[in-house]
Ligand code: SF4
């Protein structure tokens, strides 16, 4: 997978989930007053604006967030602020879509840079997923298949999931989602979108399945690269998608850090490859990683396999603990990093002038079914 790097705030990537240009006269990045301008615009807006900051955002942007969290927590927080006319989402496109779906019609969701997409979400388009469903129909495997889609997917994929009576999941509740799909929902197999690693780690690591229970559907190959019999016999049909940040960690990086940092606890996100999870001591969502580090006694040592902005922030917050990045290679999420101070200042100052820029809106029909899948997640036992 290649990530097309666009100049910040310029150009478009029609192959991606966002596929839109990002207009606007941005202040220069070298402007020494950016922080003061953002503060002034935010103060002028008062309760009319609510700024959400994902854990993977830059420090200087996080400083202006009213609340920080993972994608699901932030969407919930947006929904809990009906008095805010504008939600400025410092995160990526699929998160802003979820916020638009969950907030009221009087609220506007703004993504400061429309080029802030997610390479994982881009790996499953609506057309590809409809084709996969046709392949399941042809194989006689559609009736028993329940779609379970990770929060990190476009609104169109969430709507597909809702139309087929499936559920959304997060990295915190993926096991509960699969238990529901195979239990109460009565599924024979799950089509897990779009992160193969979260699906595999949950199915094998938490539900006790084997590699033989899982097949990988490759949307770039006819029939997903699978025979009809493989589709019928699989319990987990994993979409061939991954996070371009977490997917970079390797088992070698786990072995290297154990040799480099004696007594280290290796703590990774379930978007990592299976071999990395098997080599780690602990695995869990972003919120879990933060809670483990926060609760550890002074002197603890952690090697963390998740996005670098968060790892650095944890290291700064806990000077009494040794906190290192799992891999020596710098590994920011390039699309998360597109939200920078010039874009934030531009979005806030525009709002303060009464001008809504970079609004994210989801088509009402798509939103209806996406909401159904999101509500199913909220109703998980
Ligand atoms: S860290 Fe991975 S899953 Fe998260 S926004 Fe970046 S590419 Fe997408």
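Note: Cβ is positioned from N, Cα and C throughout, glycine not excepted.
Just so it is clear, the model here is predicted, and its values are computed rather than measured.
The [4Fe-4S] cluster site recorded in TrEMBL comprises 118, 333 together with one of 243, 272, namely 243.
The record from TrEMBL ties 54, 71, 150, 151, 152, 269, 270, 271, 286 to iminosuccinate, and of the options 171, 253, 300 it ties 171 to that site too. Checking the binding-site residues 54, 118, 243, 269, 333 against ligand 1 with a 6 Å cutoff on the Cβ atom leaves 118, 243, 333, in sequence order.
Secondary structure at residue 152 (iminosuccinate binding site), as computed by DSSP, is coil. Annotation for residue 333 ([4Fe-4S] cluster binding site): spatial neighbours 56, 244, 245, 307, 309, criterion Cβ-Cβ under 8 Å with sequence separation of six or more. Here the Cα atom of residue 150 (iminosuccinate binding site) is found 13 Å from that of residue 118 ([4Fe-4S] cluster binding site). For the pair formed by residue 243 ([4Fe-4S] cluster binding site) and residue 271 (iminosuccinate binding site), distance between Cα atoms is given as 7 Å, rounded to the nearest Å. Largest Cα to Cα distance within the recorded iminosuccinate binders 54, 71, 150, 151, 152, 171, 269, 270, 271, 286: about 18 Å as a whole number. Highlighted in sequence order, 56, 92, 119, 120, 121, 152, 244, 245, 246, 307, 335, 336 have their Cβ within 8 Å of the centre of the Cβ atoms of 118, 243, 333, the residues recorded for [4Fe-4S] cluster, and are not part of that set.
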